[in-house]
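Here is the structure we will look at.
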Amino acid sequence: TKKTLARPGMKNIVLVEGVRTPFLMSGTTYADLMPHDLARAALLGLLHKTDLPRDAVDYIIYGTVIQEVKTSNIAREAALGAGFSDKIPAHTVTMACISSNQAMTSAAGLIAAGQCDAVVAGGVEFMSDVPIRHSRKMRKTMLSLNKAKTLGQRLSLIGSIRMAHLAPELPAVAEFSTAETMGHSADRLAAAFGVSRVEQDEFALRSHTLAKKAQDAGLLQDIVSFNVPGRDIVSKDNGIRPTSMEQMGKLKAAFVKPHGTVTAANSSFLTDGASAVLIMSEEKAVAMGFKPKAYLRDFVYVSQDPKDQLLLGPTYSTPKVLERAGLSLNDIDVFEFHEAFAGQIMANLKAMDSDWFGQTYMGRKSKVGTPPMEKFNLWGGSLSLGHPFGATGCRLVTTVAHRLQKEGGQYGLVAACAAGGQGHAMVIEAYPQ
């Protein structure tokens, strides 16, 4: 019914298919795997669903955040493991929670530039096993030991080791530039926008309730079952747990103690999972006999102050991408925002609904406007489905495509915040059925 966003002289870029492994709470069924095992499972799921020949892709791009040292270019290792032709180049990107968004838009860029016709993009995160390092002093000593020529030199180095050197360095979900954890920042953001604990708990409960409903109705059709070696066949997300406001109210503050409002129940949990999408030029997809799911249209990346505006990416990126596409908020039928924390979503909605914020911080004449809740994250979100940092972007885009098909809408919008004060938004258009 509305105009299409096709541009003269520009290639139409389509999402042909999108899959993901079940997203599991870290330390559960995937605990003994390695990250490339999950990425490989997503790639195999994509091959299986599309019957794509293993040499029909021009390029493979994966996003990940906390890297496994042994497989630093995880895109390449996963592709080889999944049996893709070894002639297909692959690289890995990292951009915090929007890493797989970056993988997808990089793929779109390669296609738009005429470099490629078919690209697989995806993301993976494995929080069950993260690299824990020796302290800097201990690492220095060990490297020197490696170079020591005589027994005397070795004994002298070993003798220099102190108990304090043995304390390990743990990775943290914290900003390097501000040394603040993301949860602490989310709590401050919620306070700045006057978001109450009750509002956050209500939104988290909504996410879990809608996710359970979608799971029971079989709407999460992007999930591919994964036979975990030596364990079970996993075919659904295991973090969806609708509870009651009363139960959630009993939890203590997780970051700003004792009076903070961000708790374990209204935050996304550490998650293991992987996703993959097949992106093509429309011409190539049709020539190969595929029925695309959606067009990938305009996208933007934004960046703000990582201290006080760390998680406001959606507020800044939404109006920018709508402007690029020549659309208004009312034109969008389906919204999928990444839910890092319930407080972060509520703060963004309040910022988008504030003339003062629009004028003071965004140089606008008036507010951005808020997405109507009856169009917003209707199949759950990162709070309930889980949030493997590197894999969520592809889940958001695939969910928009599936919801547009199911709900008969034409335009969808994906938006997400990311560490570093960055953000992303993309407009997706339904493919004619």
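The backbone N, Cα and C atoms fix where each Cβ goes, and this holds for glycine too.
Bear in mind that TrEMBL entries carry predicted annotations, made automatically and left uncurated.
These figures come from a predicted structure and were not determined experimentally.
Marked as domain 'Thiolase N-terminal' by TrEMBL: 13-283.
The active site, acyl-thioester intermediate feature in TrEMBL is assigned to C97.
Taken from TrEMBL, the feature domain 'Thiolase C-terminal' applies to 291-429.
Residues or ranges marked as active site, proton acceptor in TrEMBL: H387 (among others).
Per TrEMBL, the feature active site, proton acceptor maps to C417 (among others). There are 35 other CB atoms within 10 A of the CB of C417 (active site, proton acceptor), with all protein chains counted.
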Would you list the DSSP helix, strand and coil counts for the residues of the domain 'Thiolase C-terminal' (291-429)?
58 helix, 35 strand, 46 coil
Alpha-carbon distance [C417 (active site, proton acceptor); C97 (active site, acyl-thioester intermediate)] in Å
7
C417 (active site, proton acceptor) and H387 (active site, proton acceptor), compared by Cα position, are separated in whole Å by 13
Across every protein chain in view, the count of C-beta atoms other than its own within 10 A of the C-beta of C97 (active site, acyl-thioester intermediate) is 32
